[in-house]
Amino acid sequence: MSEPNNEPVVSQTGDGPAPPWAMLAELTHGCPLHCPYCSNPVGLIPRSRELETADWVRVFEEAAALGVIHAHLSGGEPLLRPDLREITEAAARNGVYTQLVTSGVGLDADRLAELVGAGLHSVQLSVQDSTAAASDLIAGTRSFAAKERAAALVREAGLPLGLNVVLHRRNLDSIEGIVELAATWGAERVELANTQFYGWALRNRRALLPTREQLARAKESVERLRERVEGVELIWVVPDYFDGVPKPCMGGWGAISLTVGPDGSVLPCPAAYDLPLEFPNVRDHSLEWIWRRSTAFEAYRGTEWMSGPCSGCPRREVDFGGCRCQAFALTGDASRTDPACGLSPDHHLITELVESAGDGELVYRRPERRGGLQLRR
Ligand code: SF4
Ligand code: FES
């Protein structure tokens, strides 16, 4: 730790950044799936270094005091934590809205009843494609049947259900089927999120990047489906590799949300593990100190850190210079303009990648085994 371990008393109404309202609680990096698009870091945090129950209880007390009102209980697979009930209860007790983000593997009626009793508010279920065979192929393991059962249990329990589908070259042409599946399963919301290339997914970029034609077709399908399918809200998370327009990543660095990793590291974004910053830990500091005072959260907050072309750009308060993790992954310098921006001097890195994309072997998320199985559709 390079941060000084002094805990100043800071008034929430004093000067400084506005409080965060959202928190991603990555309870574990353990996961039963092997998705090639996984954005978790290549080097996962081992289970032996995970926070204890009491740590998470304190984290939620501090988060609520800081202003957090919404938390994703995520991972990896959060159901792998035997103390998920206690963690959920701590969040709910402190007035934080909780959404379980799960593969559905390991969710049975008893477990769900326990979580509902603890105050769980909603569930977001990941699905990899519209059919069992295609979904299992991307997940790298048989999991579709468990997802279907989990969806039914969530609806029976009366909780709001959302589906989360990461989109890429292998499933973009299945949008219609995916949305039909969501309607059949009783989902109220489907997040169609084009793959973000961080962590493990970077290895599979060439095989996962879609064609422009696929993207255009998928976008048209979403627009058509919005008119046709009632009762299912469709969220289309745009890819940033194709239009020269960067995304306002995380709503700005250290602006609205924070991520607490399995070992208690606190990051402004869940993909930031690989950035050359010293991330503070809840074992050493309060969340309030981390949010307001740590150098990691200050590093790219606001616009002061920007250089050209962002520093003089009228969009700098709109997209915050794009994504720091992408700038680092592609240029080795997190303070550069995101190469996804058409004004970036590094934009050619993105256009070259898009042009070189193509079918290829996918490397499954399986740290102990490189190479993976071959997927062809
Ligand atoms: Fe956004 Fe910077 Fe590009 Fe302007 S130059 S559009 S602020 S990324
Ligand atoms: Fe980390 Fe964009 S993913 S700042």
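Quick reminder: no glycine exception, Cβ is built from N, Cα and C everywhere.
Noted in TrEMBL for the protein shown:
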- 17-233: domain 'Radical SAM core' (DOMAIN)
- Cys31, Cys35, Cys38: [4Fe-4S] cluster binding site (BINDING)
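Overlay of TrEMBL annotations on the structure.
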residue: Cys31; record: [4Fe-4S] cluster binding site; CB count, 10 Å: 20
residue: Cys35; record: [4Fe-4S] cluster binding site; CB count, 10 Å: 25
residue: Cys38; record: [4Fe-4S] cluster binding site; CB count, 10 Å: 24
Which of the three DSSP states, helix, strand or coil, fits Cys31 ([4Fe-4S] cluster binding site)?
coil
Per DSSP, to which secondary structure element type does Cys38 ([4Fe-4S] cluster binding site) belong, with helix, strand and coil as the options?
coil
For the [4Fe-4S] cluster site (Cys31, Cys35, Cys38), what does the 8 A shell look like? I mean other same-chain residues with CB within 8 A of the CB centroid.
Leu33, His34, Tyr37, Asn40, Gly76, Trp200, Arg365
